[in-house]
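Beneath this line is the structure, given in structure tokens, with notes to follow.
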Amino acid sequence: MNRSTRSHKAIVIFSGGQDSTTCLFQAIQEFKRENVEVITFQYGQRHSIELEKAAWIAQNLGIKQTVIDTSVIKAITTNALITEATIKQDGDKPNTFVDGRNALFLLYTAIYAKGQGIQTIFTGVCETDFSGYPDCRDIFIKSMNVTLNLAMDYNFNIRTPLMYLTKKQTWALADQLGAFEYVREHTHTCYLGVEGGCHTCPSCLLREKGLNEYLAEKSGEKNV
């Protein structure tokens, strides 16, 4: 492949959550459905609903899904997403942070993508509401992009449409993409694996806060 020519295909790192599903709709809008794939990682997460949602959405939208087992990470690190530990703040970041997870996801995605002739990688990381996760920062993504390009001598382009959006703005983007109700109804965010959300974990609270803020804003606009 001519490295100066951008492939007209894209792959989305996909968990079945609000952020990655919004990114999927963004990719579909830009690249067309037939040119988009998703990749999902089984890393030993404490519940299966995340994987089930991702599989259902991919099938429902007619998107090719590849599932990669990276559960070996459980053998070398521990946190509240892969154990039954109580979710809490642990110093400057919550104990739901999985060391190396996004670096691992991007590496495996890049390896797969190169084999498929895909250069554009979408990931739903966000620096605005990132809960203190260091691997959700823009500086990390840019660094990883350079590293992967050098490591594989390939012109990857890592896209982060949500990087500087609040959760309210992420809901607004889903609405602009015509996917608001789909994302609201079909995606899973809860750390505890509760269908429809537990309404108490940090992830649920952030999602609901953003949703309520966006709905209030929309309602205000209609009343003007």
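Just so you know, the numbers here start at 1 and follow the chain as drawn.
Each Cβ is built from the backbone N, Cα and C atoms, and glycine gets one as well.
Copied over from Swiss-Prot:
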type    : residues                                                                    : note
BINDING : Phe14, Ser15, Gly16, Gly17, Gln18, Asp19, Ser20, Thr21, Thr22, Cys23, Leu24 : ATP binding site
BINDING : Cys190, Cys198, Cys201, Cys204                                              : Zn(2+) binding site
Query raised in the report: What other residues of the same chain, not counting Cys190, Cys198, Cys201, Cys204, have a CB atom within 8 A of the CB centroid of the Zn(2+) site?
Result: Thr189, Tyr191, Leu192, Val194, Gly197, His199, Thr200, Pro202, Ser203, Leu205
Report summary line: Within 8 Å of the Cβ centroid of Phe14, Ser15, Gly16, Gly17, Gln18, Asp19, Ser20, Thr21, Thr22, Cys23, Leu24, the other same-chain residues by Cβ around the recorded ATP site are Val12, Gly124, Val183, Thr187
**Report entry** Fewest-neighbour residue among binding-site residues, criterion Cβ within 10 Å, set Ser20, Thr22, Leu24, Cys198
**Finding:** Cys198
Report summary line: Within 10 angstroms of the C-beta of Gly16 (ATP binding site), the count of other C-beta atoms across all shown chains comes to 23
Report task. Tell me the Cβ neighbour count for Gln18 (ATP binding site), meaning other Cβ atoms within 10 Å of its Cβ, over all protein chains shown. Result -> 25
Report task. Between Cys190 (Zn(2+) binding site) and Gln18 (ATP binding site), find the distance joining the two CA atoms and give it rounded to the nearest Å. Result -> 10
Requested in this report: Using all protein chains in view, find how many other C-beta atoms are within 10 Å of the C-beta of Phe14 (ATP binding site).
Outcome: 30
Query raised in the report: At the level of the C-alpha atoms, what whole-angstrom distance separates Gly16 (ATP binding site) and Cys204 (Zn(2+) binding site)?
Result: 14
Query raised in the report: Of the binding-site residues Cys198, Cys201, Cys204, which sits closest to Phe14 (ATP binding site) by Cα distance?
Result: Cys204
Report summary line: CB neighbours within 10 A of Cys201 (Zn(2+) binding site), counting all protein chains shown, number 20
